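Asks: Quick one: the structure is below, questions incoming.
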C-alpha cells in the first residue's frame, strides 16, 4: 500500500542539457585527417586531465619542455598561490617568445608559409614565409632598439589586421619589450588613456586602415590621442594606403624607410619566464580600463597547449581565426598559438560581409583552411544572410571553433550542418582575456559535444560552482552558481598593470583561494559546463566586453546629462546590446537630437562598437534610499519582465518605475 502521493520528479537545474542531443566526433573528421588527432580518445583526455589536477607540477613541467624552447631550463614548476596573488611559473627559466614563434621554424623550413594575409579587397593579399618573417621582425626590432626601446618598456600598437601587426608583436618580444595593443576601433580618447596608463613612449600605427570597403583614419586618430601624451617620442607609421597624413617631424617615422637601414637579423634577447610579454586593456566594472598583464613562459605554454589539443593543430595546417589582434582572441589564436606550433595563420583584414556574405567561405576554400575560429555574432549574421552564400565544399575543414560568448543551439547546428557539412568537429570555447587561453572547451577529435555547452575543463583547470549568497562551493552535478577556478594555471594573468590591489579585488579576493571569473555557470548531470554570462556590470557585445561604468562616464560627460545607467539586454545579432537610461539636467528638453548626440558622445569617447542601441530619456532613475541605481530593474523592464520586478518599495521613489515603463513602451511604439 502506498504511503501517499508520489512527489513529481524534481526539474533539472541545468534544464537545457536535457533538450539537446550529444554529438560525437564525426567519422569524416578522422577520414580527412592527415595523421590523426594528438589524443587517441576521451579516456586519454581523462587520464591526462587527472594528472594535471593531481600532479600539476609534473604535468606542466613536462609539457613546457615539450612545447617551448628554453635558453635556460627551470628547476621549479610553480611557486605562489591564488590566495596571495603571487603565482609564478618556471621561475628560473629563460626564453624568448619571438624565437619560439619564428626562429625555430625558420631554421628548419624557411620557405614554409607563416602568414596568409587576406586583404580587405579580395586577391590583394600575400603570403609571408617563416624565413621572411624572421627578417622582417628583426628589422623592426632594430628600429625599436635604435629609438631607445629597452627591455621592459611598453610599446603601444594601434594597427588594423595586417601582417605588420604580427611583426610588431614579435619585434617587441624579440628585444624584451612589452607590447600593449589598442584595438584599432577605439577612439582617440581611449587610445590616449591606454598610452598614458602603460607609459608607452613609442606608438606603432598606419597611415590609414581598410575594413569592409571603408577607410579608417588611424594616423589621424593617433595624432588626436597623443596631444595629451607628451612622453611619446616615436610614432612608427606603416604605409597601408599611401594617403597624405599629418606629420610631426622628429616624432613620426615611416616604417618602410626605417627598416631599410638595418640588418635582416638581430639576436633574440633572453628574458625570464615571468617577465611581462604584453598588456591588454579590458573593461572593468569600475569604468577605468585595466591593463591585464601576461608573462612570457606561462602564456606561451597556454597558447601552444590549447592550439595543439583544442584545435588539433599540426604543422601543415592552415589556421583561420577571425578575431582581431586588438583583443585576446587575436593575440592567442591569430598570433601566438599558430606560430608557436609552426603552422600557417590567416590574417583577415576585412569583414564577413565584404564584398558579400560568402567572404569567409571564399577564404576557407581558397587557402584550404583546416581550422576556423570565430564569434557567434558573425555566425548569426551569416545564418541570417542565407545558406545560398555557402557554395564551397570547404573539404579541408576539420575544426570549427566558436569564441566570445555562448553559442545558441540553433546556430551551433547550422554551423555544424551547413558550414561543416557534418564533417567538422565544433569546439565552443570558454575563456577570458585574464585566462590567456581556452579554459573550458571540447578537444577536437576527442570530446562529445552538446550544442550550447562549453563542455569540459582544459588541462589544469579545476572549476568550482559557488553559491553567490553563502560563498560556499556547491558540489555534485546539476548545479548552478558563479564560476570560479580552484588552481592556478600557467597562462593566467599575473596582475593589472600598476594596480595589483585591483587585480586582487577583482579576481582573487571575491572568494578567497579561488579565481573568480565574473560569469555565472551551470554544471549539468554529466559534468558538462554551461556558461550563463556576466554577473557583474559588464556587457558582452559581439564578443567584446564593455564596462557599463565606462559607457555611463562617457554619457555623463555630456553637458545636458545629470545621471546615466547602462545595461545590456539580449540581442539576436550581437548577443547583447547596450541600452542607456539618462536623466537630463533641469531646463533641458527631450528630443531625438539629444539621443543622437548622446550616441555620438559614446562613439567619440570609447568607440563605435560601444554606442548604445537605444537611449531612453527619463525624469529619474530607480535608486535605493542610499542612492544606488538598481540596474536590475531596468534590465527586467527592457526584457518585458515587468511583472517580476520584485519588491520596489525599498526604492527612494517607487513611482519612477511606472514612468520608466511608460517611456520604454512609448519608444517601442507599444
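We count from 1, first residue shown onward.
Using N, Cα and C of the backbone, Cβ positions are placed for all residues, glycine too.
Pulled these from Swiss-Prot:
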- 211, 212, 213, 214, 329, 542, 603: CoA binding site (BINDING)
- 404, 405, 406, 428, 429, 430, 431, 432, 433, 519, 534, 545: ATP binding site (BINDING)
Asks: Counting across all protein chains present, how many other Cβ atoms fall within 10 Å of the Cβ of residue 406 (ATP binding site)?
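Replies: Around the Cβ of residue 406 (ATP binding site), 22 other Cβ atoms lie within 10 Å.
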Asks: Across all chains shown, how many C-beta atoms besides its own are within 10 angstroms of the C-beta of residue 431 (ATP binding site)?
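Replies: Residue 431 (ATP binding site): 26 neighbouring Cβ atoms within 10 Å.
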Asks: Restricting the comparison to the binding-site residues 404, 406, 433, which residue's C-alpha is spatially nearest the C-alpha of residue 542 (CoA binding site)?
Replies: 404
Asks: By the DSSP assignment reduced to helix, strand and coil, which category contains residue 211 (CoA binding site)?
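Replies: In the DSSP reduction, residue 211 (CoA binding site) maps to strand.
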Asks: For a quick check of understanding: among the binding-site residues 212, 213, 404, which residue's Cβ has the most other Cβ atoms within 10 Å?
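Replies: Result for the most crowded candidate: 404.
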Asks: Calculate the distance in Å between the alpha carbons (Cα) of residue 429 (ATP binding site) and residue 329 (CoA binding site), and round it to a whole number.
Replies: 11
Asks: Can you check which residue among the binding-site residues 214, 603 has the largest number of Cβ atoms within 10 Å of its own?
Replies: 603
Asks: Within 10 Å of residue 433 (ATP binding site) (Cα to Cα), which of the binding-site residues 211, 212, 329 do you find?
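Replies: Passing the 10 Å Cα cut: 329.
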Asks: Distance between residue 431 (ATP binding site) and residue 213 (CoA binding site) at the Cα atoms, whole Å?
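Replies: So the Cα of residue 213 (CoA binding site) lies 31 Å away from that of residue 431 (ATP binding site).
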Asks: With the CoA site defined by the record as 211, 212, 213, 214, 329, 542, 603, how many Å span the farthest pair of C-alpha atoms?
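Replies: Largest pairwise Cα separation, rounded: 23 Å.
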Asks: Could you say whether, by DSSP, residue 534 (ATP binding site) belongs to a helix, a strand or a coil region?
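Replies: DSSP call for residue 534 (ATP binding site): strand.
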Asks: Cα within 10 Å of residue 404 (ATP binding site): which of the binding-site residues 211, 212, 214, 603 qualify?
Replies: none
Asks: Around the Cβ of residue 211 (CoA binding site), how many other Cβ atoms lie within 10 Å? Please give the count over every shown protein chain.
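Replies: Residue 211 (CoA binding site): 17 neighbouring Cβ atoms within 10 Å.
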Asks: Among 404, 405, 406, 428, 429, 430, 431, 432, 433, 519, 534, 545, listed as contacts of ATP, what is the widest Cα spread in Å, to the nearest whole number?
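Replies: It comes out at 18 Å between the most distant Cα atoms.
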Asks: What's the number of neighbouring CB atoms sitting within 10 A of the CB on residue 433 (ATP binding site)?
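Replies: Excluding its own Cβ, the number within 10 Å is 19.
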Asks: If one looks at the chain holding residue 329 (CoA binding site), which residues at least 6 apart in sequence have a CB under 8 angstroms from its CB?
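Replies: Long-range Cβ contacts: 321, 323, 373, 375, 403, 404, 543.
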Asks: Cα distance, residue 603 (CoA binding site) to residue 534 (ATP binding site), nearest Å?
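Replies: Rounded to a whole number, the Cα-Cα distance is 23 Å.
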